[in-house]
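J.: Per TrEMBL, the features are:
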type	residues	note
TRANSMEM	33-55	transmembrane segment
DOMAIN	37-474	domain 'Major facilitator superfamily (MFS) profile'
TRANSMEM	75-94	transmembrane segment
TRANSMEM	106-125	transmembrane segment
TRANSMEM	131-155	transmembrane segment
TRANSMEM	167-189	transmembrane segment
TRANSMEM	195-216	transmembrane segment
TRANSMEM	285-307	transmembrane segment
TRANSMEM	327-345	transmembrane segment
TRANSMEM	352-375	transmembrane segment
TRANSMEM	387-410	transmembrane segment
TRANSMEM	452-470	transmembrane segment
Amino acid sequence: MVGGGDGGDANRIHRMAMDDPIPWYKKKHLRTLYLNLFPCVIGIEMTSGFDSQIINSAQLLPAWKHYFGNPTGAYSGILASALPLGSVIGLPLIPLINDTFGRRWCIMFGSIVMIIGTFIQGFAINGPMYIMARGIIGFGLPYAIVAGSCLIGELGYPKERPVLTSLFNACYFIGAIVAAGCTFGTQQIDNDWSWRIPSLLQMAPSLLQVLFVLFLPESPRFLISKDRYEEAKDVLIKYHAEGNPESEFVQAEIAEIKITLEIELEHSKRSWMDLVRTPGMRRRVLIGSLLGLFTQLSGNVVISYFLGDVLKLIGYTDPAFQTKYNLGNQCWSLVCGVSAALVVMRFRRRTMYMTGILSILAVYVGWTICTALFINDKSDVAAKLSLFWIYAYSPAYNLCFNALTYTYLIEIFPYAQRARGISIFQFWGKAAQFFGTNVNPIGTQAIGWKYLLVYCCWIFAEAVLIWFLWPETSDRSLEELAFLFEDREDYAYTATAAVSKIVHHDDSADKSHQHISEHEKV
């Protein structure tokens, strides 16, 4: 566990940031940084939200159904799942680009690929071309997501970092609302442009990223890893100290980042094999993989991609009602997502995860019972309660999987393996999404409401795994969490001593670091 040094110096960087009395909006440079982060980094997940509603809403459009031959079952599934399939294909090279060229250029690359795919999607002339276009969008999306989440966590001031990384996922619903609202408006168009217009608008977030991302500074941790020490120092002084080069906080932060990266990179080969080389890294990979599965297999894909099908199960077959209900649900989800992000600093990570997953389980049990009652007894009350449970799902899901996903991933994976760790998460997440978007339409068509029972059992299993595997990561800086799973007090002590040297003006950090290699030989 993270430790080392005396109790007064442990977690010092985090405590120094939390004790800062000046809010971010009263700091000129930090305020500018956060306002620039929104359109070109925090907004990356708008593309994912837009995509879910492109498929969800398009299936309610008569012109889309007619153009693609009234897709059902497996064909309907592949139209939706082509994007996550493309994401899985593109994942292996993400760490290479992200760690070689930097976070900004990785975002740029992914955004350009998505713009190309969206253009093809909007002008698709048949099903295969539409599927190929969605695969191209999916290929580019994780490049932007992985690099963007890393950049937010590594640029943000420690006091606001968890909120920023939580808002990253909440922006999913902005894209979903725009897509649902746009499709609601274009359904009045009695031709193919009713679905082509929303399809082309999916490139809007990527255009914002291409236009603004190079106005952002590069990650100081990336710069230090490339021996661009002065550039990193300038970034931290400008944004974390408002231009004050004498800031004790920034001097301590630079020392901690520098010494931690030296230790990490000294014992890392920067390869995929690093992820399975030690027990600590294997546990990180297990948690990241399970988190990827849980974010997509907790029943959310049913609501995000196939809401029309589940509404039909409870007797709501009118396309106009389905579209309005869907739009309302996305607006409600945005409120829940932002609210969850804003309270992430008030609760411990495990508390939020367990509260969220148990709430999801309660929602699914209630939803399943009400759907069964409607189908068996034609109860109008049960049908209306089912509508309530669908809305109740959003605050439950947002409390854990939406608010904490990238916050938690950035905290459990150290810098040297952060991009690979988030790529592992993306792999399992997109694989689960591909599985869900193909299996859900088949499952609901084959066994109806009983398919919801499958999710009830699976969500219970998720709760058990979270209880036993998820560690607590709150109230620590990223460097303090770098050795979370390693029983290496000497590493943690060295990083802590580097901070002590700045704060207390002692030289224990230098002495400690000199003896690391000798300790390794023992």
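Using the three backbone atoms N, Cα and C, a Cβ is placed for every residue, glycine included.
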J.: Looking at the transmembrane segment (131-155) and the transmembrane segment (285-307), are there 3+ C-beta pairs under 8 A, with each pair at least 6 apart in sequence?
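T.: Output no: the transmembrane segment (131-155) is apart from the transmembrane segment (285-307).
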J.: Do the transmembrane segment (352-375) and the transmembrane segment (106-125) share at least 3 Cβ pairs under 8 Å, sequence separation 6 or more?
T.: no
J.: What average pLDDT does the predicted model assign to the domain 'Major facilitator superfamily (MFS) profile' (37-474)?
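T.: PLDDT averaged over the stretch: 87.
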J.: Between the transmembrane segment (106-125) and the stretches 75-94, 167-189, 195-216, 387-410, 452-470, work out which stretch tops the count of Cβ pairs under 8 Å.
T.: 195-216
J.: When you check the transmembrane segment (327-345) against the transmembrane segment (195-216), do you get at least 3 Cβ pairs under 8 Å, counting only pairs 6 or more apart in sequence?
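T.: No; fewer than 3 Cβ pairs under 8 Å.
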J.: Cβ pairs under 8 Å with the transmembrane segment (195-216): which stretch of 33-55, 75-94, 167-189, 387-410 has the most?
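T.: If we count Cβ pairs closer than 8 Å to the transmembrane segment (195-216), 33-55 scores highest.
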J.: So if I exclude everything within five residues of the ends of the transmembrane segment (75-94), which remaining residues of that chain have a CB under 8 angstroms from its CBs? That is, six or more out.
T.: 51, 55, 59, 68-69, 106, 117, 127, 130-132, 134-143, 146-147, 305, 419, 423, 426-427, 429-431, 433-435, 437-442
